[in-house]
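J.: The signal peptide annotation in Swiss-Prot covers 1-26 and is backed by sequence analysis. Annotated disulfide bond per Swiss-Prot: Cys41-Cys55, Cys45-Cys64, in sequence order.
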Amino acid sequence: MPGAMKIFVFILAALILLAQIFQARTAIHRALISKRMEGHCEAECLTFEVKIGGCRAELAPFCCKNRKKH
């Protein structure tokens, strides 16, 4: 039985790592989309910036862009 438990723990750890990798890939993809929209990912948009979307990363959830001056 100890061999089966070691395999189970190894498989569980591998699944957790895979879940983290796929989340990171999505965050990188959203950051690239924000760059294409001429924005940047920040924790909070500054007063002279407008929120144009979400980066959905833990530390930088908003995609911010400078407001256009009329």
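Glycine is treated like the rest: Cβ placed from N, Cα and C.
Context for these features, please: burial, neighbours, distances.
T.: Under the three-state DSSP scheme, Cys41 (disulfide bond) falls in the strand class.
Here Cys45 (disulfide bond) comes close to Lys51, Phe62, Cys64: these same-chain residues lie at least six apart in sequence, with C-beta atoms under 8 angstroms from its C-beta.
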